[in-house]
Amino acid sequence: MSAVPTVGPPLWLLAEVTYRCPLHCVFCYNPIDLADTGRADELSTADWLRVLREARALGAVQCGFSGGEPLMREDLEDLIAEARRLGYYTNLLTSGVGLSPERAASLKAAGLDHVQLSFQDSTRELNDFLSHTKTFQLKQGVGELIKSHGWPMVMNVVIHRLNIDHIDRIIAMADALGAEYLELANSQYYSWAHLNRDHLLPTSEQIRRAEAVTDAWREKVADRMKLFFVAPDYHEGQPKKCMNGWGNVFLTVTPDGTALPCHTAKMLPGLAFPNVRDHDVRHIWHDSEGFNRYRGTGWMKGACATCPDQQKDLGGCRCQAFLLTGDPAATDPVCPKSERHGIVQAAVAAADAGEVPTRPLVFRDPKSSRLLTHPGAGPRTS
Ligand code: SF4
Ligand code: SF4
């Protein structure tokens with residue numbers, strides 16, 4: 001097969017409309033330097049409307065509105081209404097904070113198709129601890145609101161060492177709330193989750209138990225709820241076909257207009273990502289260096305270069321390769337064929353041995369972001 005890929009349309013547009021968020025999740029995938037993108041740096045309504053039109057003209061069919069907390073944008077209804085008018089299927093990915101009855105009604109009127117509500121846990125204590133907010137009760141009410149507006153009830157819970165043993169109660173909670181879909185997504189270790197990895201990585205035994213519990217529930221609720229258990233690649237030793245291939249299906253636009261092949265790719269060094277303020281989406285998708293660098297298999301080296309499984313996983317995740325080896329073109333270290341697979345094995349072994357990290361958990365908030373990004377700098381006030 002040719003190493004030069006045929007480029008189809010960006011079927012999925014992920015509009016990260018803001019990094020502002022009332023929650024402070026320890027596993028958040030937003031960038032560590034999120035405080036550098038303040039409200040004043042966010043794309044205007046007119047910019048977003050243009051991005052929606054350009055991506056749709058290129059063939060995008062699904063549009064996810066995400067963040068941060070997308071409900072922090074007062075123009076969200078305008079963006080959703082335009083997306084619907086253009087023919088997108090629209091998704092709102094929300095913590096539920098800000099989804100008042102009035103807001104739900106206006107989003108319904110704008111034509112929103114689908115809401116995905118995130119929970120941190122099935123207990124108030126851990127939900128509120130992990131997000132550093134008191135939001136558990138509120139989320140329960142939002143679940144009922146979603147049902148009352150006739151949206152499919154889709155729940156997402158990021159799974160990690162601190163909540164994985166509650167998986168039975170998490171599924172029971174989703175069932176009680178009338179969820180039709182429940183995604184139990186094992187944390188991916190990027191951004192804030194990578195900082196906190198040694199607190200969050202489950203043991204192998206925890207994963208085995210959680211899978212068995214999920215399988216038992218799957219049979220029990222087969223007539224009413226679909227359960228997705230997204231397996232952790234650290235334990236599986238199976239590189240994932242990240243974003244279904246670099247620049248293959250997904251186009252992410254961040255709050256300041258940076259266009260990315262995946263929401264964490266901005267961390268990769270030596271790669272200039274284009275901005276929708278400077279270029280139209282067609283140029284970005286087809287001609288920019290940022291989208292072309294890791295497309296297909298031509299960039300591969302090391303174990304990947306001669307591997308028969310190239311098409312299966314396209315070399316795994318570039319961000320993970322960079323975070324764990326310092327080289328974004330390396331074989332993803334979760335792959336047993338990687339020379340650096342020992343890094344991942346050591347992390348899993350430390351989790352299995354119950355090693356307690358010395359560094360405390362870091363909560364995702366602008367203050368931590370500024371301290372981590374600009375150590376020694378004074379606080380930004382805007
Ligand atoms: S993971 Fe938590 S902190 Fe991050 S955007 Fe989502 S709700 Fe906000
Ligand atoms: S060597 Fe590369 S292409 Fe082969 S399985 Fe591992 S990550 Fe995938």
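Residue positions begin at 1 at the first shown residue.
Every residue, even glycine, has its Cβ placed from backbone N, Cα and C.
Source: prediction; values computed, not measured.
Database features (TrEMBL):
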type	residues	note
DOMAIN	7-233	domain 'Radical SAM core'
BINDING	C21, C25, C28	[4Fe-4S] cluster binding site
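Counting only same-chain residues at least 6 apart in sequence, those with a Cβ under 8 Å from the Cβ of C25 ([4Fe-4S] cluster binding site) are Q120, L130, S131, H132, V158, W192, F363, R364. C28 ([4Fe-4S] cluster binding site) counts 24 other C-beta atoms within 10 Å of its own C-beta, drawing on all protein chains shown. Cβ atoms within 8 Å of the centroid of the Cβ atoms of C21, C25, C28 (the [4Fe-4S] cluster site) belong to the same-chain residues L23, H24, F27, N30, G68, S95, S131, W192, R364, site residues excluded. As a whole-number mean, the pLDDT of the domain 'Radical SAM core' (7-233) in this prediction is 95. Within 10 Å of the C-beta atom of C21 ([4Fe-4S] cluster binding site) sit 24 other C-beta atoms, taking all shown protein chains into account.
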